[in-house]
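> This is the structure I have questions about; it appears just below.
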Amino acid sequence: LLLPWRRRRRLWGKVKEARQRQERSLVQMEMAVRRFREQHPSVNMVSILSLPLPELSKKLRDGSLPPEHVFYAYVGKALQIATETNCITEYLQESETQLRKAKLTGNVGLLYGVPVSIKDSIDCQGHDSTLGFIKNLNKPAAEDSVVVQVLRRQGAIPFVKTNVPQSLISYDCKNLIFGQTFNPLLYTRTPGGSSGGEGALVGGGGSILGFGTDVGGSLRFPAAFCGICALKPTGNRLRPPPAMIALFWSLPVVAAVGPMAKDVESLALCMRALLCEDMFSLDSTVPPLPFNEEVYCSTQPLRIGYYETDFFTMPSPAMRRAVREMKELLEDAGHTLVPFELMNVDYTIFNFCVRGMFADGGASFLKKFKGELEKSSMGLFFWLAKSPNWLKTFLSWIAKPFHLLLPFIGFVSFFSTVDEVWSLHREIEEFCHQFIAQWKKLNLDVMLCPMLGPALGIGYPGKLSVAVSYTMLYNALDFPVGVVPVTMVTDEDEEQLKGYQGYFRDWWDRTLAKAFRGSVGLPVAVQCVALPWQEELCLRFMKEVETL
């Protein structure tokens, strides 16, 4: 409200133009599909959409399925899901030109002819990467991000960009430009975030392979909430886009870019395609580690650590049951399951994540939102960041006994010297060493962990920000971690929620219990974790979980 009237009017004008572009994109998609159907009325699009990615890509490469049939089948389905969920922000019309060129050049790459969707924050040449900020409108990227370049060289066809929450610092999916994205399984629920547009599109069947980013669970929340699979690799196995690095420069957790798909084999195929010479030559910061087929295809029994709760955010009955049932199934399949004692999650979340984000007392955080019309659902963060230091200190003192007020303490725990910032990084390294030492002591191969779920109602993530404890831990550690849906909420789970009180029995625990209710039939996932640079082992474990 303090912005000058003329400036507000100009910003609203930019929002209106962006929404008109979004509408035009959907019209272009509709016209493109209509033209194709008129010219090819006998193409069975339903059968094309039913093919899993490995089979689809094989048919595209051997020529038994024309790429234009696949492309327009997915453009049509994506249009339907976008209309229902508001997940697409822009149609990449040049994808039709790439499709025509692909037909001329022929079979090139493991993903030849595969249409793929791209999260807003990943650069595509000639298109905005808004991150949900109005100020980033009309600033098209000068070139494709490295991941998009490699995808194109592998024959994939990026065809849409998808919605995100403002600033990406949310596991909901809403911004002032494009509005709220809805969960394709239940429209009153969030699709998760910040890769929420991708989760909705892939979960609804409008994309067979999507790409998002993850700095605190941004791939895993949408995958879990929308009933699909996702892989968050080690940070530099697939380097995150520059926009992500610039946005989270002060955060001592590691951002990552990764794939989302309906099944694990599709994720593995994607990693095979991306971990190639093109990736290593285009980005010298990515270690030249090709996909290890031997590890992924191994059938040796695994030694698996597991835990049912982090003792910070009480799991829903369905979350706890998902881990227990998977433990029993894995043991029956010949694997060894070992309890893992998780310690100091609250300390980790506060010190390594929140304290790092607000390392300068919130100044950088505020700067990101300067000139924006709306601060999304983070009003209390802004109020605290702008408060005088004496008030921050007082609030910090009275807030410490309450677990979900920990983020606000971050505003007063800012660092006065560069040495203190480096001290935080050393603390993270020490924590990581301790975690790995405990892992090695138990002689573990992988870890089975809960994943927050089922999908929360729209608006609840803004009230329950520190429920990211289950996911952000592995950003702080920079471990590869995947999400696999394993069960659905039952009537019995719903009944047990009546006794849910949380660990702290405060307003936030009661709100989380309320957010979980009314979820019968929604998917619930688990997390599969491996040590750094062991994405193939992580995927192998995910495949085992999916199969069982």
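The backbone N, Cα and C atoms fix where each Cβ goes, and this holds for glycine too.
Below, the features straight out of TrEMBL:
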type: ACT_SITE; residues: K119; note: active site, charge relay system
type: ACT_SITE; residues: S194; note: active site, charge relay system
type: ACT_SITE; residues: S218; note: active site, acyl-ester intermediate
type: BINDING; residues: L168, S194, V215, G216, G217, S218; note: substrate binding site
type: DOMAIN; residues: 73-539; note: domain 'Amidase'
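Buried or exposed, and what's around them? Tell me for each listed feature.
Residue density at K119 (active site, charge relay system): 30 other Cβ atoms are found within 10 A of its Cβ, drawing on all protein chains shown.
All protein chains included, S194 (active site, charge relay system) registers 33 other Cβ atoms within 10 Å of its own Cβ.
In sequence order, L168, Y171, G193, S194, S195, G212 are the residues near S218 (active site, acyl-ester intermediate), counting only same-chain partners six or more apart with C-beta under 8 A.
Just so you know, the Cβ of L168 (substrate binding site) picks up 28 other Cβ atoms within 10 Å once every protein chain is counted.
Confidence over the domain 'Amidase' (73-539), given as mean pLDDT on the 0 to 100 scale, stands at 89.
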> Which residues, in sequence order, are found in the same chain with Cβ within 8 Å of the centroid defined by the Cβ atoms of L168, S194, V215, G216, G217, S218 at the substrate site, excluding those residues themselves?
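Neighbours within 8 Å of the Cβ centroid, excluding L168, S194, V215, G216, G217, S218: I169, S170, Y171, G193, S195, T213, D214, L219, F221, A255.
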> In whole Å, how far does the CA atom of K119 (active site, charge relay system) lie from that of G216 (substrate binding site)?
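That separation, Cα to Cα, works out to 16 Å.
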